[in-house]
Amino acid sequence: MAALAETSDAAETLLLVSNIEVIYNHVVLVLKGVSLSVPRGGITALLGGNGAGKTTTLKAISSLLQSERGEITKGSITYRGEPIAGLNPSELVRKGVIQVMEGRHCFAHLTVEENLLAGAYTRGDGRAAIARDLDLVYDYFPRLKERRRSQAGYTSGGEQQMCAIGRALMSRPQTILLDEPSMGLAPQLVEQIFGIVKRLNEEQGVSFLLAEQNTNVALRYAHYGYILESGRVVMDGPAAQLRENPDVKEFYLGMSEEGRKSFRDVRSYRRRKRWLS
Amino acid sequence: MMASLSRLRLASPEGVGLLLLAAYAAYGLFWLGSIDERDRLFFYEVTLSGLLAGVMYSLVALGFVLIFKSSGIFNFSQGVMALFAGLFLTGFMNDFGVPAFLAIPLTVAVMVAVAFAVERFVLRHLVNQEPIILFMATIGLAFVLEGVGDILWGSDVKPLDVGLPRGASDFLLDGYGLYVEKLEIAAAAVAAVLVVALSLFSQYTRIGRALRAVADDHQAALSVGISLRTIWVIVWSIAGAVALVAGIMWGSKSGVQFSLALIALKALPVLILGGFTSIPGAILGGLIIGVGEKWAEIYLGEVMNALFGLNASWFTAIENWFAYVLALAFLLVRPQGLFGEKIIERV
């Protein structure tokens with residue numbers, strides 16, 4: 001894991017997405033001009049409901065779109081100043097950008113340890129270095145060490161999420177695109193996973209771009225947030241600021257001036273009027 | 001396999017199957033003790049030749065398993081690939097006089113080229129399509145390979161001699177009075193080496209691990225930076241090499257001819273028995289089918305006559321379809337095959 005450079009240039013932009021448009025199957029327009037930037041050493045959250053385009057944005061960056069008949073038709077994506085839109089996922093992993101997919105996607109019939117080693121596929125720096133990083137991953141996820149000999153398909157959801165993050169770490173990434181780590185996990189486990197993400201960010205200097213529906217948790221751990229709706233960024237700002245924003249409170253955190261409020265009562269047209277006009 | 005045995009319940013279809021098997025084996029041993037010396041020797045001969053024929057089936061099944069495991073594609077053209085490799089080998093040797101030790105690596109190179117071409121012109125364009133579409137593509141591939149082979153080398157039967165031992169094994173004939181072809185023993189040895197090598201490769205190497213990762217989850221494999229294209233070329237190359245081995249063995253036995261492509265059909269029941277995803281399963285399935293069909297051919301008529309008074313001549317040539325009946329019965333009891341990977345489904 002690339003050591004975090006001096007804090008002085010911590011604000012350097014690693015990943016810059018500008019105004020991208022994504023079309024699936026030549027007809028379905030999913031992203032309608034999304035722009036965002038991920039600074040070195042930051043945790044950036046990408047928030048929004050189902051179908052807002054979070055996963056598509058991450059897949060556009062990691063080039064996994066190519067295998068799903070999706071296509072970037074407009075805009076550009078650069079990583080440390082270089083355009084990366086045409087690269088294949090393997091080249092991106094070598095450059096230090098790796099995605100942890102939604103729903104874990106562990107290799108079910110491989111053991112946990114084999115899963116982790118598969119994450120080191122692109123590396124050419126020898127067995128010793130890989131073994132060192134394996135120990136490092138086991139330090140962060142002691143649970144994985146206990147389960148290292150079991151087939152990943154038979155481990156619990158939380159363990160699989162850890163396995164997926166650990167597998168990504170084995171490629172020595174600089175930036176991890178983390179898609180819905182909280183999906184289907186108990187609140188306690190969600191906190192645990194986010195805690196580890198925060199530690200990885202602080203101790204190993206890994207930058208994160210985090211797509212998440214759980215706005216509450218994500219904004220507590222992230223530094224900066226973007227809110228996506230129907231394929232557009234409708235709002236962005238430092239996480240602390242977003243947390244206090246009355247609209248975010250009302251629409252995403254289920255709170256308003258009058259206290260907690262059911263999402264059911266929020267009229268969607270009001271939202272549309274205010275944000276999407 | 002052992003773990004699943006301990007969890008076995010006798011009331012399950014598998015339990016019933018095992019009980020039947022045990023009863024059958026006990027009866028077989030009893031019968032073997034009751035017959036005279038000459039018949040016993042004949043029984044051993046039948047069994048051995050069945051086992052060795054089974055190895056030949058396994059060689060073809062092995063190629064299927066390799067491709068199915070890593071790409072989920074049922075490669076219909078595996079049998080034709082054996083023919084194709086055999087044609088090139090005999091072509092190099094008979095038409096150009098290339099010695100066997102040179103012709104074999106040359107043919108491997110041809111099969112690697114085929115693997116590249118298949119990836120470039122077929123698989124690359126069909127990423128993320130339904131398995132049935134890929135299956136259809138391999139049927140098309142079978143026709144193309146067969147046609148190209150025919151155009152290049154002609155369609156007559158070609159003798160193949162790469163220097164494998166021929167005739168009966170003197171050791172077994174003199175020592176035990178058993179008649180066994182040396183060639184079939186060689187095939188068994190080659191198959192054993194091949195299986196051990198492939199298992200070690202897929203279990204302990206970086207590429208092998210990547211192959212298994214791709215077999216499990218294409219998308220995830222892509223996301224950690226494994227290039228599917230590279231993996232596919234590697235897998236198809238290995239399957240091509242295995243097809244060459246099968247082509248050499250079958251070609252040495254009965255000449256390289258177009259009916260070779262049909263042995264792919266015999267590999268199908270082998271796969272159903274052994275499981276589509278298991279290399280040891282392909283071998284064991286081949287052995288069971290090989291022995292089963294020989295036993296059925298020789299003994300089933302008599303047995304049916306003795307038990308039910310049926311005309312024994314009804315059961316001649318049973319060798320040709322016995323394997324399929326066995327596979328059908330197996331599908332009812334254990335659809336994933338003996339060693340097939342259980343589908344791990346989390347809810």
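Cβ atoms here come from the backbone N, Cα and C positions, even for glycine.
The stretch that TrEMBL tags with transmembrane segment, taken from the ranges B:302-320, B:321-339, is B:321-339. Note on TrEMBL: of B:131-153, B:154-176, the range annotated with the feature transmembrane segment is B:131-153. Here the transmembrane segment (B:185-205) has Cβ contacts under 8 Å with residues 51-52, 55-56, 58-59, 62, 66, 164-165, 169, 211-212, 238, 242, 245, 249, 279-280, 283 of the same chain, all six or more residues outside its ends. Comparison of B:73-92, B:131-153, B:321-339 by number of C-beta pairs under 8 angstroms to the transmembrane segment (B:41-66) places B:73-92 first. The stretch in closest packing with the transmembrane segment (B:131-153), judged by the count of Cβ pairs under 8 Å and taken from B:73-92, B:98-119, B:226-250, B:270-291, is B:73-92. Cβ atoms under 8 Å from those of the transmembrane segment (B:321-339) belong to residues 1, 13-14, 16-17, 266, 268-278, 280-281, 284-285, 288-289, 292-293, 296-297 of the same chain, restricted to positions at least 6 beyond its ends. Long-range Cβ contacts of the transmembrane segment (B:226-250) within its own chain (Cβ-Cβ under 8 Å, at least 6 residues beyond either end) map to 56, 59-60, 62-63, 66-67, 70-71, 75, 78, 81-86, 89, 104, 107-108, 111-112, 114-116, 118-119, 123-124, 127, 160, 162, 164, 183, 186-187, 190, 194, 198, 207, 210-211, 213-214, 218, 256, 260, 263.
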